[in-house]
């Protein structure tokens, strides 16, 4: 409904990059259809008695459907978010590393048994990784700053405003904003790839001993935070404030994990271990996690697409730049309040 590049009455990308649009449309539609098939099949299998179905065949079918949906989503993201061959190659390299890593880990640790507590832990992380993938996917297709809607100034309709670098005044601003767009693209792509890696790792309990799932989640969160700080900020002051807020959150997480999660068995009492295991499967904690995911997804997208939209043209007299939020210039205090409250809410 909102294809990359924006829309006239017909999608802009359909007229400017027809082949890319066709690839994006069909692979995105295939990914949606396969995802719906997985959901429907899961609901049907849940309603059926366990004795009336073969566990191996159903798991194999679900795995194939999920793999096909994942590949379709990756191709759709690549065609929609990668404007040139270099970024296309970077994206495919990341995907290849993920696939090779998952296959090697599966072959090495395939015979290790699964524990119930680890299964509950992975079930708790499953909705988190899926929502995080959706956030990175949408953010990559709807780049911050909006898209050009005309061919004035030498740019192409449907190209990202930041990527095109159509800035008035000091050329330093041109290089600064071009660098911001590249940093946002790479950080968001890393987050997108890490979220898929976390989905695969969450299905394998034997990888929890090596903290592979935790590392993938931390990599995703760092990429998402940096992408948010870059995409929602328009100057160095805002960037410093956003990084400071993010740094405080990361320090808290590291301290919490160090003192309450990774302690040795000799130091940690048995009672605390039992409380931690019970908390992982607690229904209230599960509901709080889903609520936090919903708030984070709404907040992240709101930060990249603030209320009022973006400027599509430069104004030399007032110093306004294309791709900056309209609310920043019309009501600067309201925009600052929105920015800081939104940044605190996402963290």
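Numbering starts at 1 and runs along the chain as it is shown here.
Heads up, the Cβ atoms here are built off N, Cα and C, so glycines get one too.
Taken from TrEMBL, the feature domain 'PGG' applies to 1-82 (among others).
Confidence annotation: the domain 'PGG' (119-234) carries a mean pLDDT of 60 in the model. TrEMBL lists 119-234 (among others) with the feature domain 'PGG'.
Annotation comment: TrEMBL describes 283-343 (among others) as domain 'PGG'.
Here TrEMBL flags 23-48 (among others) as transmembrane segment. Taking Cβ pairs closer than 8 Å, the transmembrane segment (23-48) reaches residues 3-4, 13, 58, 61-62, 65-66, 68-69, 72-73, 75-76, 79-80 in its own chain, all 6 or more past its ends.
Per TrEMBL, the feature transmembrane segment maps to 60-77 (among others).
Annotated transmembrane segment per TrEMBL: 89-112 (among others), in sequence order.
Residues or ranges marked as transmembrane segment in TrEMBL: 124-142 (among others).
Annotated transmembrane segment per TrEMBL: 183-201 (among others), in sequence order.
Feature annotation from TrEMBL assigns transmembrane segment to 213-231 (among others).
If you look up TrEMBL, you'll see 237-255 (among others) marked as transmembrane segment.
Taken from TrEMBL, the feature transmembrane segment covers 288-304 (among others).
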